[in-house]
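What follows is one structure encoded as C-alpha cells, with my remarks underneath.
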Amino acid sequence: MDGIALVLSGGGGKGSYQIGVWKALREFGIDKKIGAVAGTSVGALNAALFLQDNIDIAKEVWSNISNEKILKIDKIETLKKILLETGITSSMVNNYLITKGKNGIFSREGLLEIMKEYVDLDIVSQSKIQCFISCCEIPKKVVKYFNINNNSQERIKDILLASSALPVIYDNVIIDDKRYIDGGIVDNIPVKPLYDIGYKTIIVVHLSHNSIIRDTDFPGINMFQIIPRKPQGNFIKGTLDFDKKHAEIRMNQGYEDTYRLIRPFYDMGLIKDRVYRYVCKKRGLGLL
C-alpha cells in the first residue's frame, strides 16, 4: 500500500514525546503523507488527537495535563511507596490483577474530561486516516486490534479507555461482553495491524530504549524508528508522571530528536530524494 503509516507506542506520562515528534513531522510535511495510525495506551489517545489534524489541540492537552487530573496525588504517593518499599514490579502487578482482580484504584474522570474537552469523536470516527487501537483481552491475555473508524462515539471512548486501562491503576473496560485492559501488556508497539493491511513504510515512535523492533519481525517493509535519545523515565518517574513541566520537556525532546534525524536529509537540496533513499536503506531507517 502506498503512503506512510504511524505507530504510537504506550508509556503513560511519557506520551507527550510523541506530540513533539508530530510537530517535527509536520514541519517537513511528512504527517500529511500518513494514511494510517496505530496506538496503544497513551499512544491511542495521541492517535485520536492525530486524526483530528490539529496539533495545537494536542499540544494544549499536554500543556494542561497534571498528576491531579490523571491521578490523585495522595494515591500516587501511596502507590510509589508500596512499589519502592516492597520491590513489586509493574509486571508482577499486571499478572496479579489479570488473574485476581478487575478494579483499579484511580478514577478515569480526568481522562474522560480531557476526551470531552479536546477529542471530537465524530471527527475521529469519520477520519479518512485508518486508526487501530490495541487492547488486551482478559483473562485470556491476548491482543485485540480495534479499528475505530466509523464507530459510535461511545464505542470509541470505551476502546480508548480500555487501551489505557493499566492494571491496578484503572478499571478494566467491557466491550462486546469481553473485558479489556491496557494494550501495552500484549503489544505496546502495534505495527501488526498496519503491516496486515499492506503498509510498506512505517514510522514507529518509541517511548523507551528497550523496545526496538527487528527488521525480521516484519519482512518486506521500510521501518523508520524514532527512539528517545534521553531516557524518558521508569514506571514511577515516567509512566506515572503527568507533571506539565515534564510533559513540556518530553515534547521538546521528541521534536528535537525527530528534527535532528530528518533535517540533514532535507538539506541535501535537489538530490535529496535519491540520497535520502540511499542513506535510509543503508541505515535501515525506512523511507519517508
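Placed from the backbone N, Cα and C atoms, the Cβ positions cover glycine too.
What TrEMBL lists as active site, nucleophile is SER41. The feature active site, proton acceptor is assigned by TrEMBL to ASP182. The domain 'PNPLA' annotation in TrEMBL covers 6-195. The motif 'GXGXXG' annotation in TrEMBL covers 10-15. The motif 'GXSXG' feature in TrEMBL is assigned to 39-43.
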Which same-chain residues, if any, lie at least 6 apart from SER41 (active site, nucleophile) yet have Cβ under 8 Å of it: GLY10, GLY11, GLY12, GLY15, SER163, SER164, LEU166, ASP182, GLY183, GLY184, ASN188
Please give me the CB contact count at 10 A for the residue listed as 'active site, proton acceptor', counting all chains in the structure. 26
Helix, strand and coil totals (DSSP H, G, I; E, B; other) for the motif 'GXGXXG' (10-15): 4 helix, 0 strand, 2 coil
Local confidence of the prediction over the motif 'GXSXG' (39-43), expressed as mean pLDDT: 94
Kindly report the helix/strand/coil residue split of the motif 'GXSXG' (39-43) according to DSSP, in that order. 2 helix, 2 strand, 1 coil
DSSP, reduced to three states, assigns ASP182 (active site, proton acceptor) to strand
